[in-house]
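What Swiss-Prot records for this protein:
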{"type": "DOMAIN", "residues": "3-166", "note": "domain 'EngA-type G 1'"}
{"type": "BINDING", "residues": "9-16, 56-60, 118-121", "note": "GTP 1 binding site"}
{"type": "DOMAIN", "residues": "193-366", "note": "domain 'EngA-type G 2'"}
{"type": "BINDING", "residues": "199-206, 246-250, 311-314", "note": "GTP 2 binding site"}
{"type": "DOMAIN", "residues": "367-451", "note": "domain 'KH-like'"}
{"type": "COMPBIAS", "residues": "449-461", "note": "compositional bias 'Basic and acidic residues'"}
{"type": "REGION", "residues": "449-488", "note": "region 'Disordered'"}
{"type": "COMPBIAS", "residues": "467-488", "note": "compositional bias 'Basic residues'"}
Amino acid sequence: MVPVIALVGRPNVGKSTMFNRLTKTRDAIVGDLSGLTRDRQYGDASWQGRSYILIDTGGITGDEVGMDEKMAEQSLMAIEEADYVLFLVDARAGMTAADQMIAEHLRKRNKEAILVANKIDNIDADVARAEFSPLGMGNAIPVAGSQGRGINALMEAVLGHIPRDPVEDALDEDVAEGEEATRIPGPSEKDGIKIAIIGRPNVGKSTLVNRMLGEERVVVYDQPGTTRDSIYIPFERDGEKYTFIDTAGVRKRGKIHEEVEKFSVVKTLQAIKDANVVIFVMDAREGVVDHDLNLLGFALDAGRAVVIALNKWDGMEPGERDYVKTELERRLFFVDFADIHFISALHGTGVGHLYKSVQAAFMSAVTRWPTSRLTQILEDAISVHQPPLVNGRRIKLRYAHLGGANPPLIVIHGNQTDKIPNSYSRYLENTYRRVLKLVGTPIRIEYKGGDNPFEGKKNTLTDRQVNKKRRLMSHHKKAEKKRRDKRK
């Protein structure tokens, strides 16, 4: 299971800055005013091949009322959700009563917490660490979140004991030249292909799992939120091993009231991260709603292969079906690489075809290709459509290699790669998808510019070059003097 890390602390200790630093985004609001984070925010992050989910929370002071009280509830709930807690304190401001209150709460909950002394820039880190020793949370790890100082030491303390993703290890060695494309080790022999069934509440996820399994393994009731936790169900079909991850439906934030249902959100996000393929279930009778797009977007951001299942297709009139198909084409244009199935989980119509799409999406996500193959595709694409000119110079792309899997990451090396427009990146992405016959999985293109070996080096002349330069300068001076004399 992908670990969950929560950032907690009193207001304005740098939690949102740390969130942005670790997730490499600017999703969290950052400022000098306390209370800018009003709700839990989830982010997808990784460190040295180890993926995790990060939760940013509002500050806790212990004397909250009104909106601040709701914010504190969100922070305490994040502590319950998390596997690890990063307890941030302000090294400049020193220890406060709010810090002591949070430390006491963490001890009562028996949570694995690491004390983080933030904002240690321009102050003595050892003195700052000693000031917080009365909290009884062990030695504080000094960091400067705004500058990135101490982040590696912090993440080593949190995630250093967790094994690297086997996919990352498999990519450490490239496919040998001339070798055929091979599958990168992904699912274990025990679990098989892990499939997360996700979607809004009451779209028929548990009914679909039961239909695909052929037995009643998950509680099904016509009421949203019947499944309160993610359920892992191993099974075998046609000699292939699978593990279903059935999740609670994710509701809009404003509709989440019960505490147990709030916990289900992080379970769904964990299931997406833990899966190899996501079956995204939608209600055909309700069509495409904004919350579907948000949930689908998280699956794509996590890089998961996707199969879309439009449930409750039976009983719909032809005109209604045509309208839904038009809406799918219009609103799901960003995931046009995913197979779409029109099914009835209740009656079993079209359900059996999902397995073929799951297999195809999984193989597309974890297959690796030799550098020679990826480079040849790049050269063929350039011969058809060259990169644009920048300041009169043509962008040069030299070679490509595989940099990751699930999703496939193709790293392209060249010059002026930071000037490549998005339209050309989409062209290359579509070319790789078409030639490699990839379905169901997103593709990521990453560029690396060529390093100038002489950058930063002073051009020092040898003694021989210095003498030659002097002779040339002397010759030029004599020649110039002769030309001036002739003019006279």
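Keep in mind that glycine also has a Cβ here, set from the backbone N, Cα and C atoms.
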Cβ-Cβ distance under 8 Å to Trp313 (GTP 2 binding site), same chain, at least six residues away: Ala284, Arg321, Phe342, Ile343, Ser344, Thr349, Gly350
Spatial neighbour of Lys15 (GTP 1 binding site) that is closest, considering only the binding-site residues Gly199, Asn202, Lys205 and their CA atoms: Gly199
Local confidence of the prediction over the domain 'KH-like' (367-451), expressed as mean pLDDT: 91
Minimum Cα separation from Asn202 (GTP 2 binding site), reported as the residue among binding-site residues Gly9, Thr57, Ile120 that achieves it: Thr57
DSSP-derived class (H/G/I helix, E/B strand, else coil) of Asn12 (GTP 1 binding site): coil
Residue pair Asn12 (GTP 1 binding site), Gly199 (GTP 2 binding site) - Cα distance, angstrom, rounded: 35
Neighbour tally for Gly9 (GTP 1 binding site), based on other Cβ positions within 10 Å of its Cβ: 26
Alpha-carbon distance [Thr57 (GTP 1 binding site); Lys205 (GTP 2 binding site)] in Å: 30
Gly199 (GTP 2 binding site) versus Ile120 (GTP 1 binding site) - Cα distance in angstrom: 43
Lys205 (GTP 2 binding site) CB neighbourhood, other CB atoms within 10 A: 29
All-chain count of other Cβ atoms within 10 Å of Asn202 (GTP 2 binding site): 18
Ile120 (GTP 1 binding site) CB neighbourhood, other CB atoms within 10 A: 25
Residue distribution over DSSP helix, strand and coil in the domain 'KH-like' (367-451): 32 helix, 28 strand, 25 coil
Whole-number Å value for how far Gly9 (GTP 1 binding site) lies from Gly199 (GTP 2 binding site) (Cα to Cα): 32
